[in-house]
Amino acid sequence: MSISNDAAVVSFYGGLGEIGANMCAIEVDGKAVLVDVGLTFPDAEHHGIDLILPDWKDLIERGPEIVGVVITHGHEDHMGALPFFLRDFPGIKVYSAKLTLGLLEAKLVEHPDARVELIEVEPGEKVAIDDFELEFIQVTHSIPDGMAVAVHTPHGTILHTGDFRLDQTPIDGRVTDLPHLAQLGDQGISLLLCDSTNADVPGHVPSERTVGNTLRTVFESARGRVVMTTFASHVHRVQQAIDAATAMGRKVCFVGRSMVRNMPIARELGYLRYDDADIIDIADCDRYSPARILIICTGSQGEPYAALSLMAAGQHKHVKLTEGDTVVMASSQIPGNEAAISRALNGLMRQGAEVVHRREHGVHVSGHAAAEELKFFHNIVRPAAVVPVHGEFRHLIAHAQLAVATGTPADQVFVCTDGDRVVLRDGRVERGDGFNSGRVFVDGLGVGDVGNAVLRDRERLSSEGVCVAVLRLDSRFRLDGEPEIMQQGLIYEAENAHLLDQAAKVLGDDVRSLGSSNEDVVRRKVYESLSRFWREQLGRKPVVVPVLMEV
Ligand SMILES: [Zn+2]
Ligand SMILES: [Zn+2]
C-alpha cells in the first residue's frame, strides 16, 4: 500500500541525529525521489568495519518506484553509499552537477558491476519526472558545484539545501543564489529541509578567501618545505595553496591516493587551474631546495595509513620531515577523530616540524552556514514548515530554534531523527508513522552481514582476549586425558605459560567430577570453570571457546 496517497511524504534514512550518511526520500503516489545517498566512516568502537551505510530496507520492503536520485554535491556523506545502493536498485537515474558526477564516476570504477544512468544538470535547470519537478539552485560549499534542490510536488514545494554557506566572495564566484531562492520563497516553500551543521555556531563563517591570505603569510615565513593537508575534495583550498605557492616559486606535489586521483579530475573538468610545469612528482622532491616545495597531502583526520600520519611516524617513503619544515592543517577536526589527529600532531612536532593547526590561525573555515547566515537564509526563503537536517541532535535543536526565531510557526518546525517521516498535505506538515532505520556495516566484501552482535563479540575479543579449551571425550562424555588450553590476547605466554597448565588441571578436575553427562553439561562446565579460573587468577573475562572431540 502506498503511504503517499493525497500527500507528499518525506522519509529520513540518514543524517538526522548524526553527521554523515545523508539520505532522504520524497514520495508522491508510490513514486520516490531521493536526495543524497551518503555514507559515514567508522569510529574506534566499530572494530574492523570499513564503511557505514544508511539502512534502506524500508524502501526495499515497501517498494515505491524510485524515479530519480539527486546528489547535492561530491562529499562522501552525500554520495558515498550510492555504489551499494545500486546493487539493490540497479539502473536508476542519478541527477547531479558536473564535478559531482566526475567524482562519482571515478568511484564507480571500483564497482564495475554498478548499473546507473548519470544525468548532468546545472543550477537553474528544471527537470520534470512524473508528478515531480526538480529545480536546481546554486549553493556555495567546501567543494565546488554544490546544489540545493527544490522538489515541486502536487502538494507543495519541498526545498532541500544540501550543504551550503553564504560566502559572498567564493573562489569561483559561484555564490549561493539568493535571488533564485527569494523567487522560490515568493512562490511558496511548503517545507524546508536545511543544513544544520553550524546552527550552534554564532555569527558568520569568514570567506574562503581569508584562508588564501593566511596561507600566503604562512608559506612566506616558512624556511623549509611546506606540507599542507586538507580534504581531497576541497578544490578551492587546494587552488589557493597552489596559487600562493607558485607565486613565490614553490613547486607543488600531490601526495595521497584520493588527492592524486581527485585533483586531475577537478582540473580536467575545469574546476582547478595549474601549470604542469609547477607540479612535480614526489620522487623528484629532493632535487629542489626545501624552500621551493609545497606538498599537498591527505590525512587531515589522522587516518592511520594516510600520507600525513606516515610522515608523522617518520615512515613516509619519500618525505622525511625535519626541523625547518612547516605543516599546515588546513582542515576541521571531524568529531570522533580528535585522538587520531592529536597523535599525528605529536608525531609531526617530534619530527621537528612547525605545525600550524589552530582555528585562530585562520588556516581553515567551515563550509557550512553559521547561525546568522541560517537566519538570513530562512528570512529569504520564508518556509511554511522546517525540518532541520544534516546534524547531530544538538545541531538540529539549535536550528529549530533559529527557524522559530525567524518566523516559522513553532508547530510547523519538526526535530526529526533517522527513521522519522513527515507528511505534507493541503499545505500543512504533520508527523507520519516512523519506520525501522539503522546502520548497515560494510566489512571487506560483506555488506550487512556484520551487525551489533558481531561487534559486541569483537569488542570483547579485543578487550579481553580468547581462551580455547580442547577436550577429548568418550561416548559417555567422560574426559579422556587432560584438556588442552590455548589463548590469544589474554596473557603473555612466554612468561605465564604455567597459568595455562594450571587452567588445564583445574578444568580437567571439574569436568571429571561430572562423571557421565552430555554435551551441554560439559560445555557449561567449561565456561563456568575457565571463567572462574581467569577471574580468580587475573581478574579477566576472556571469551571462552570449548572444543569437544569424541574419541
Ligand atoms: Zn555533508
Ligand atoms: Zn558537504
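Placed from the backbone N, Cα and C atoms, the Cβ positions cover glycine too.
Over all protein chains present, the Cβ of ASP195 (active site, proton donor) has 30 other Cβ atoms lying within 10 Å. In the three-state DSSP assignment, the secondary structure recorded for ASP195 (active site, proton donor) is strand. If you look up TrEMBL, you'll see ASP195 marked as active site, proton donor.
Look at TrEMBL and you will find HIS368 tagged as active site, proton acceptor. DSSP classifies HIS368 (active site, proton acceptor) as coil under the three-state reduction.
In the shown protein chains, 16 other C-beta atoms lie within 10 A of the C-beta of ASP50 (Ca(2+) binding site). Taken from TrEMBL, the feature Ca(2+) binding site covers GLY48, ASP50, ASP443.
Here TrEMBL flags HIS73, HIS75, ASP77, HIS141, ASP163 as Zn(2+) 1 binding site. Contacts of ASP163 (Zn(2+) 1 binding site) defined by a Cβ separation under 8 A and a same-chain sequence distance of 6+ are given as THR72, HIS73, HIS75, HIS78, VAL139, HIS141, SER142, GLY146, ASP195, THR197, GLY367, HIS368, HIS390, in order along the sequence.
Per TrEMBL, the feature Zn(2+) 2 binding site maps to HIS78, HIS390. A simple way to gauge crowding: the CB of HIS78 (Zn(2+) 2 binding site) has 30 other CB atoms within 10 angstroms, across all the protein chains here.
Look at TrEMBL and you will find ALA232, SER233, HIS234, HIS364, VAL365, SER366, GLY367, HIS368 tagged as substrate binding site.
If you look up TrEMBL, you'll see 20-215 marked as domain 'Metallo-beta-lactamase'.
According to DSSP, ASP443 (Ca(2+) binding site) sits within a strand segment.
Close to the recorded Zn(2+) 1 site, the chain also has THR72, GLY74, HIS78, SER142, ILE143, GLY146, GLY162, GLY367: residues not among HIS73, HIS75, ASP77, HIS141, ASP163 whose Cβ is within 8 Å of the site's Cβ mean position. Here GLY48 (Ca(2+) binding site) is positioned 25 angstrom away from SER233 (substrate binding site), judged by their C-alpha atoms. Checked against ligand 2, the recorded positions HIS75, VAL365, HIS368, HIS390 give HIS75 as the ones with a Cβ under 6 Å from it, listed in sequence order. Screening the recorded positions HIS73, HIS75, ASP195, SER233, HIS364 for a C-beta under 6 A from any atom of ligand 1 leaves HIS75.
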